Amino acid sequence: MWTVLTFICLCVGYSGGHVRLIYPPARKYARDFMDNIRTPGPCGIPSALGPKTSLLAGSTISVNFHLAYPHRGGYFLELMNNDTNAVHRHPATGFISEGDTISRSQAFTLPNEPCSDCTLRLVRQAAEWGGTCGKRYLFWSCADVDVVAANQFTEGCSGHGTWSNGACQCDATHEGDKCQHKVECKTDANCNNNGRCITIATTPNPVKQCYCQPGWFGQTCQTASAVTNATIDYTQYKEREMSPGFKLFYRTIPAVSEIEMVLKVSTSSWVAIGWRPRTLQAGCQLFPAIPGLVGTAVPISEPETHGTPETEPETHGTPETEPETHGTPETEPETHGTPETEPETYPKAETEPETEPEPTSEPETEPGTEPEATSEPETEPGTEPEATSEPKTEPKTEPEATSEPETEPKTEPESTSEPETEPETKPETEPEGEPETGGGGCPATVPAPGYSAGGSFRGTSDTTGGNVGHPMDCTDIIIGSANGQLSRVGDYYTRDRSTPKRDVELGQTESLTAAIGFEENGETTILFRRKLVATERADHTIADALMHVIWAKGQDETNYIHRPASGDQPGFYKNDHLLYHGHSPQRGVQTINFLEKPAPSSSCNGRWPSTCNSCNLEATWVFDAATDSIKFTIKARLNGQKKWVALGFSADTSMPNSDAVVGWVENGQVTVTDRWMTAKSLPVQDTKNDITDVSGDVTNGVTTISFTRKRDTGDTQDFQFTDTQCGYMFYAMGGSYNNDGSFGKHATTPVVSSQKICIRSCDIQSTTPPVLLKTNVEVKLEQTFDSDYLDINTEKYQTLAKTMEDWANGVMSSVDGFKSVTVSGFRQGSIITSYDVLVEKQSDDAATKTALQTELRTTVQGALTSPPQGYTFNNQYVIVDVPETVVEEPGFKLTLVEEIVIGCAVALVLVCLIVAVCKISESKRAKAATKHEQLSNSGGSSSSSLSNEKPIPRKMSYDEFMKQKHAGNGRGMVNPGYNKQYP
């Protein structure tokens, strides 16, 4: 949970993608977060994937590269032969351009000797993450090249143009002297005349993008949007504040099985939101498939950082470089960079805990300081295989023993059956800044920097490998920006911390069905829709379950956020330029169930989640008004693991200044502590304990803890619930604990209630019976009318009626009190569909009817952009009549007492009738029996006259059956009439 939030910020830096070659173009997939800690040297990606560039031997070329995060330090370039031996390096030793941290081009003179199947490699420092004693943290990017002699050389213009009259003539989507710069457009015509081509950046690498008019979206504004009106009724959505100034609104549209989200953000730059299932595991990084890349079946520990955090004061208006190494929105259109939506973990309950080491030995940071990661992962690139000019760098992933962290990451096996407590294979931690010096001394010699055999990969599929290593990994992301009433919204995916790429670049398709956006008064609003069920690997299904959700926004041009200070220079960041997003509050992570339906509850009791069939964590509470106390119960399926569970209470969704109750059960001993968080660090135990009635047990692998506390404890270290003050609740689970009462960080991201929870006396239930209101609603289809639609008995009528009823049920089901909707008929005017709608309300006064009429009109109007498949609505035609009260037919009505009296009387009459019928029947049987005896005993002609006639059978009564059975001694029926012998 909030345990040692220091580590969340310390060890998990989220960063932007850093470097990627533009010319010569980088190898396929062109990822820009490839370092010497996590990817195999010398390049991170194997060769022979293409593209390959021909270069003239002995010429001087301008090497261009993309930079998304201006790290301190310089870079070097080198040409390697097909045995990955360096044949030429510039400079011969060390790094260049260390004083110009935003340099993105470099002159490089090729050797005179040809070189076939060679590699040009760029190696870039991240010196602020380099430690003492010559350790180096490096990024690299490689291009496949052939260095060709003059008599065999032909200028290829990067494959995006033709050589004519001594210069490259580039195609419609490339610029530069070698056609090396990819741009989305050059003129508005490249945007299909449905938008404008806007220049985001000019030098050194041009960025030009299409911004679409309302009604269109797509990379070149080629797709018609189902939403064309930028007017948004926010009352129709669920709302979530991701951080101050960043709001998420969302709703489902059942009629078309889609989800609609709106991002409303205080920024003039880009915004992004992404998600993935919490059950996804590290093997998801096998997509997109890269030849030769295989994972291990057994989870591997990632290097952890440790050391003393060096908290640097934030500098506003100057870079606050934070140790973030994630793909940031790419700055180059070529990879359609998107904001590194790496939600970082910070003081929100949403802090991404999945990649943190157990914080048992980390120093706590002082309250008020933001303990940013500053110690570099102890996997020291400097201790990697020495390579002066000959790096032996097969793309193997053989982690060197010397590159392991000094403190081995623990791999706490966790129950794989419970997503919330997956194996704690410590995922990759971000490189951190320079650790404080002192102690240990430096080795006598420092190996040359440059090559790594890192890059161990966990998992063999989406369901193996343990916890996903980083909040950005394997995430489906939507990124948008706006320029006035024009917008640019795209569907992206990121495999790792590299800049997310558009799905189309990964061989997938755009999954959005609608998109629109605008920017007004420094606030950007982006709306999009997509199907709930994903059909491609680059998309994730929106399921009825908690999902890992990340979000981010672009840096401010003048007040960027880097920690620790980077080598940034003013002017590096531009509005809507998809570069590194920065630290909190620029990005974050939450856990959300987009499809959750709130469970009915009163203000004196409640539960989370609303339904719990197979959940791993559950919380309930009951308020006792007599004692003004609340009893809380937490249940967690830990399956014997040594972990804690916790509840938190806060006035907002952030952890600082929040109340926390943490507990665990071991060997029958229950430990529950009352704690308060004042900063991003381990919650400290309260001076005054306000927890009572503590109990707990472990049954069948489920840990249950109960405790009671006053609503208002009067303690400044507790959150106070009152009749007027409500609060957010946090739900979390560990993290291990120690015998001394300390404990580690949460194993999964804590969940924050989507809205404030009120705890007070139970609501008084209304004794007034609900009232049924009926109204007529009309919509117009643009299809051609057919006379069969007038006859309810025709197949066309019945088919269309079912289609329209299914659509209307999906749309109107969200209306409060909705009971039913039926098609009452069609009439001409294209096709006007008329509905009868029944809604139940507590009152039928004029105000209620007017509110219902407005709600129905707004709901239907908003759904007209999502008609049934194959149909089109007239978006201007919606008629909703004033609702009428459904009144029962007039007639005589009895009081309850009268109904009871009459009911008893009727029952008595029925009993009398039954008795009378029985008596009459018995009397008839008695007479019949007497007559039969008289006939049997009489002689003469009476008997002989019947001797030649066969008796007529008759049905027997139950009494006769029983008499004859006894007469035959129980052997069966003996009927005198059937016992005679016949001739």
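From the backbone N, Cα and C atoms, a Cβ is placed for every residue, glycine too.
In TrEMBL, annotation is done automatically, which means it is predicted and not curated.
Note that this is a predicted model, so its numbers are computed, not measured.
Annotation comment: TrEMBL describes 352-383 as compositional bias 'Acidic residues'.
Per TrEMBL, compositional bias 'Low complexity' is recorded for 935-948.
Among the features that TrEMBL reports, domain 'EGF-like' is placed at 181-222. Remote same-chain residues near the domain 'EGF-like' (181-222) are listed as 22, 64, 66, 104-105, 160, 172-175, 228-230, 331-334, 336, 481-483, 485-490, 502, 504, 510, 512, 514-516, 574, 576-577 (criterion: CB distance under 8 Å, separation of at least six residues from the stretch ends).
Summarising the annotation, TrEMBL assigns domain 'DOMON' to 425-554 (among others).
Annotation comment: TrEMBL describes 615-734 (among others) as domain 'DOMON'. Each residue in the domain 'DOMON' (615-734) gets a DSSP state, and the totals come to 0 helix, 69 strand, 51 coil.
Within the model, the domain 'SEA' (771-885) carries an average pLDDT of 91. Here TrEMBL flags 771-885 as domain 'SEA'.
Feature annotation from TrEMBL assigns region 'Disordered' to 297-468 (among others).
If you look up TrEMBL, you'll see 930-983 (among others) marked as region 'Disordered'.
As annotated by TrEMBL, signal peptide applies to 1-17.
The feature transmembrane segment is assigned by TrEMBL to 900-918.
The helix, strand and coil residue counts that DSSP assigns across the domain 'SEA' (771-885) are 40 helix, 43 strand, 32 coil.
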